[in-house]
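What follows is one structure encoded as structure tokens, with my remarks underneath.
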Amino acid sequence: MQRVNASTISEFVFVGLSDAPEIRLLLFALFLLIYLATMAGNITLLVAISTDSHLHSPMYFLLGNLSLLDLLCPTITVPKMLGALLLEHKKISFSGCLFQHFSLIAVVGTEIFLLTVMAYDRYVAVCHPLRYPNIMSTKLCAQLAVGTWATGLLNSLLHTSLVFTLSFCGPNKIQQYYCDIPPVLALSCSSTRSRELVILVVAGVLGSSACVVTVVSYICIFLEILARNSPGVWHKAFSTCGSHLTVVSLFYGTAICTYVRPSFTYSPHRDRVVSMLYGMLTPLLNPIIYSLRNKEVKCALKRVI
């Protein structure tokens with residue numbers, strides 16, 4: 001039998017964000033500052049959640065997992081990009097690209113499922129406040145967190161196996177600053193249609209399921225608010241759910257633009273901008289959003305600082 005999945009490419013080359021030397025150092029400084037700010041914000045939030053007894057609750061346990069994911073996401077891609085900008089070292093081995101791809105898809109998938117669990121947590125907090133401690137028990141929170149990480153890893157394993165068992169025998173220049181699905185698929189010299197279809201179906205089923213649970217949770221919250229019709233209920237509900245709703249909108253908007261589409265719509269220049277929004281700005285903004293909208297977090301951060 002003919003071997004169709006044996007790769008003849010041992011390394012890939014990233015196409016930089018800019019090949020102009022007068023801009024490269026400026027981009028390096030800008031992205032380094034964003035990366036350091038992202039690390040500082042999420043690490044501070046993690047320390048606050050772990051050390052402050054007022055934040056030892058299901059909501060903040062899930063928020064701590066989100067901060068950990070926001071630490072991992074830029075760490076997977078940004079250091080390599082900074083090296084390419086400063087040292088012009090744009091090459092990555094085949095195995096290195098595979099590992100980066102697997103890690104990134106695992107983090108993205110886990111964050112999708114975690115945001116869904118956080119939506120359910122907000123539903124229970126608003127619609128069943130008296131039963132909240134019993135429903136969102138420590139055991140259930142731990143099980144939900146483990147489930148999100150396990151599902152994200154299994155989803156990434158499937159996607160990575162579909163992409164990296166293709167034949168790569170021609171061009172090796174990735175039109176992106178990291179190993180993502182669309183630009184890697186574009187380099188394959190074998191037919192990718194069937195695998196693209198599987199990737200789209202799996203991503204569509206898992207993504208739409210998570211989205212439906214999130215939307216249904218907020219519909220139930222909205223109906224509960226209308227049913228109560230008491231003074232200040234809207235303000236209280238928005239203070240409870242506003243941060244999560246903002247993060248969900250930001251995450252889904254950039255993730256859908258990046259992944260949920262066929263490869264023939266792939267545009268290198270546009271996708272680099274969208275990927276930058278998802279890979280760098282979203283992890284930077286998440287701790288800021290939760291800090292600005294939550295008095296308990298602000299007090300805990302002041303104590304930590």
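In case you wondered, yes, glycine gets a Cβ from its N, Cα and C as well.
Keep in mind that what you see is a predicted model, and the values were worked out from it rather than measured.
Annotated features in TrEMBL:
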TRANSMEM  25-48  transmembrane segment
DOMAIN    41-290  domain 'G-protein coupled receptors family 1 profile'
TRANSMEM  60-78  transmembrane segment
TRANSMEM  98-120  transmembrane segment
TRANSMEM  140-158  transmembrane segment
TRANSMEM  197-225  transmembrane segment
TRANSMEM  237-261  transmembrane segment
TRANSMEM  273-292  transmembrane segment
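Taking residue pairs at least 6 apart in sequence, the transmembrane segment (98-120) and the transmembrane segment (197-225) share three or more C-beta contacts under 8 angstroms. As a whole-number mean, the pLDDT of the domain 'G-protein coupled receptors family 1 profile' (41-290) in this prediction is 84. Packing against the transmembrane segment (60-78) from elsewhere in the chain are residues 31, 35, 38-39, 42-43, 45-46, 49-50, 100, 103-104, 107-108, 110-111, 114-115, 117-118, 121, 141, 144-145, 148, 177-178, 247, 279-280, 282-283, 286-287, 290, 297: each is 6 or more residues past its ends and has a CB under 8 Å from a CB in it.
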